[in-house]
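Per Swiss-Prot, the features are as follows:
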{"type": "ACT_SITE", "residues": "GLU126", "note": "active site, proton donor"}
{"type": "BINDING", "residues": "CYS12, CYS96, CYS197", "note": "[4Fe-4S] cluster binding site"}
{"type": "BINDING", "residues": "HIS41, HIS74, HIS124, THR167, SER225, SER226, ASN227, SER269", "note": "(2E)-4-hydroxy-3-methylbut-2-enyl diphosphate binding site"}
{"type": "BINDING", "residues": "HIS41, HIS74, HIS124, SER225, SER226, ASN227, SER269", "note": "dimethylallyl diphosphate binding site"}
{"type": "BINDING", "residues": "HIS41, HIS74, HIS124, SER225, SER226, ASN227, SER269", "note": "isopentenyl diphosphate binding site"}
Amino acid sequence: MNILLANPRGFCAGVDRAISIVELALEIHGAPIYVRHEVVHNRFVVDGLKAKGAVFVEELDEVPDGAIVIFSAHGVSQEVRQEAKRRGLKVFDATCPLVTKVHMQVARASKKGTKAILIGHEGHPEVIGTMGQYDNQDAGIFLVESVEDIAKLPVSSQDDLTFMTQTTLSIDDTSDVIEALKEKYPAIQGPRKNDICYATTNRQQAVRELAKQSQLVLVVGSKNSSNSNRLAELASRMGVPSKLIDGPQDIDPSWLDGVETIGITAGASAPEVLVQSVVEHLKTLGVTGVSNLEGCEENMVFEVPKELRIHEVK
């Protein structure tokens, strides 16, 4: 029995940046540092930051006056930003720059009075933050999750209409929704390239290749990680059993019955240390070889805020 590791896998530039912001803030200012929402959707990462003194909250009313707060990689609404400013909280923004790009698209649409349609998952913090950039009551922003949702849209005119997408969606599903939107609203405008981020795209492409050569695909990632869930779904759609696991403790040995090659990947918020712990555990269950799938190299780096960067250089 062998293991085939997907490439690329694991941390993306936005996740690296977000974790660095929390760690540097703790190093410079000391604990506690408050973080609004899980900075990234991975239990192992969050538990590690908690141990260093990060305090995770869901709303700013849980943050004491005058404290330091970090916004998660998923981004926040303008209302949250205004509340932080009103209360005089010291803010470090860990919003992924690729999410910020979508925020700017929404803000421009709001300012111009253009109706906006966001393709995304209802209730996901990125979606909540993105929709919260729109405040034009004379137009409006609407959420669709699927092709079926398009028929329910309360939008009759295609004039001054634009769309954008959550950054961690299924490429295939999103393409279907965009095609259906353009069919219903031929004049709808959108980004030249969809907003699904490079890391999501690369990891989904790697899973396609992984599934072709595996009888089981294990995706290392937490249950609340959107991009990790999409990886597991994609492998399943290709006819290969897939499991989303937080770590080796989640592996059921019965999954390995009749399996010759186990494909392993990791969501963009899952650290490589977890992947290696899964590999080592599988070796105790009969794995004898480990190889890497060829894939694209990622060199993207996002800088931390200047105040933290100066300290980092020192």
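Residue numbers in this text run from 1 along the chain shown.
Every residue, even glycine, has its Cβ placed from backbone N, Cα and C.
Sequence features, as recorded in Swiss-Prot, placed on the structure.
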{"residue": "CYS12", "record": "[4Fe-4S] cluster binding site", "DSSP (3 states)": "coil"}
{"residue": "HIS41", "record": "(2E)-4-hydroxy-3-methylbut-2-enyl diphosphate binding site", "DSSP (3 states)": "coil"}
{"residue": "HIS74", "record": "(2E)-4-hydroxy-3-methylbut-2-enyl diphosphate binding site", "DSSP (3 states)": "coil"}
{"residue": "CYS96", "record": "[4Fe-4S] cluster binding site", "DSSP (3 states)": "coil"}
{"residue": "HIS124", "record": "(2E)-4-hydroxy-3-methylbut-2-enyl diphosphate binding site", "DSSP (3 states)": "coil"}
{"residue": "THR167", "record": "(2E)-4-hydroxy-3-methylbut-2-enyl diphosphate binding site", "DSSP (3 states)": "coil"}
{"residue": "CYS197", "record": "[4Fe-4S] cluster binding site", "DSSP (3 states)": "coil"}
{"residue": "SER226", "record": "(2E)-4-hydroxy-3-methylbut-2-enyl diphosphate binding site", "DSSP (3 states)": "helix"}
{"residue": "SER269", "record": "(2E)-4-hydroxy-3-methylbut-2-enyl diphosphate binding site", "DSSP (3 states)": "coil"}
Shell list (isopentenyl diphosphate; ref centroid = CB of HIS41, HIS74, HIS124, SER225, SER226, ASN227, SER269; cutoff 8 A): VAL40, GLU126, THR168, ASN224, SER228, GLY267, ALA268
Closest of CYS12, GLU126, CYS197 to SER269 ((2E)-4-hydroxy-3-methylbut-2-enyl diphosphate binding site), Cα positions, recorded positions only: CYS12
Sparsest Cβ surroundings (other CB atoms within 10 Å) among the binding-site residues HIS74, HIS124: HIS124
Taking residues HIS41, HIS74, HIS124, SER225, SER226, ASN227, SER269, which bind dimethylallyl diphosphate in the record, the widest Cα spacing (Å, whole number): 15
Neighbour count (Cβ, 10 Å) for SER226 ((2E)-4-hydroxy-3-methylbut-2-enyl diphosphate binding site): 24
Beyond the site residues CYS12, CYS96, CYS197: chain residues whose C-beta lies within 8 Å of the centroid, for [4Fe-4S] cluster: ALA13, GLY14, VAL15, ALA73, PRO97, LEU98, VAL99, THR167, THR168, TYR198, ALA199, THR200, ALA268
